[in-house]
Amino acid sequence: MKKIIIGLGNPGKEFQNTYHNIGFLALESFLKNNKHQMIPNSYQGHLYQIQLNNCISFLVKPQMYMNSSGKVVKKILDAYQIKIEDILVILDDIYLPEGKIKLRPQGGHAGHNGLRNIIECCNTNKFKRLKIGVGYDSNIPLNQYLLTPFNLHQKKQILQNIDKIHEIMSKFIQGISFNNLMNQYNVIK
């Protein structure tokens, strides 16, 4: 059974080290540590194939802006005939403290425009999410906070659980029950 992991972010160097690109950062970090193959495609996304313990899956970095990510996701789901319940979306969450992680089996968009667009394009909210906390300083306008490059200390803070994030991604690809993953990783402080 093939799975897809989608890291949300915005294309372009100016967004590279911003809170809103945490999904891209998590995917890139995972790819550095695992053998993979880039798949040429016409879906407006970077598509990578990975095999872990005989489980073949795809990792996706949509190359449209965050608010249009759903178009890329829908095209890839249709092309590879992958069910919505077999995707995991990695995204930033302003409601979680920096670096904290939370798995959700489904839900609304909570104001996150990338999630909103995936829900609209796929016509469902029944897909799994790995939320990575980026906190939020309410003294700064939200767009500015999410799209301003962070410093090295902030990056370390955000990625403090990167090993756990990699474990979750690996176990998801290998078909470990999502309920088991939530029970194991949602308790991490």
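Backbone N, Cα and C atoms are what each Cβ position is placed from, and that goes for glycine too.
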(message) Record says Y65, N67, N113 bind tRNA. Source is Swiss-Prot. Which of F15, F24, F150 does it list for that same site?
(response) F15
(request) Given the recorded positions N10, H20, D92, state which is nearest to N67 (tRNA binding site) when distance is taken between Cα atoms. (result) N10
(request) Quick one: give me the count of other CB atoms within 10 A of the CB of N113 (tRNA binding site). (result) 16
(request) Could you check the recorded positions N10, N67 and say which one's CB has the fewest neighbouring CB atoms inside 10 Å? (result) N67
(request) Around the recorded tRNA site, report the further residues of that chain (criterion: Cβ within 8 Å of the mean position of the Cβ atoms of F15, Y65, N67, N113; site residues excluded), sequence-ordered. (result) N10, H20, M64, M66, S68, S69, G114
(request) Give the number of CB atoms, excluding that of D92 (site 'Stabilizes the basic form of H active site to accept a proton') itself, located within 10 Å of its CB. (result) 26
(message) Counting other Cβ atoms within 10 Å of each residue's Cβ, which of the binding-site residues F15, Y65 comes out lowest?
(response) Y65
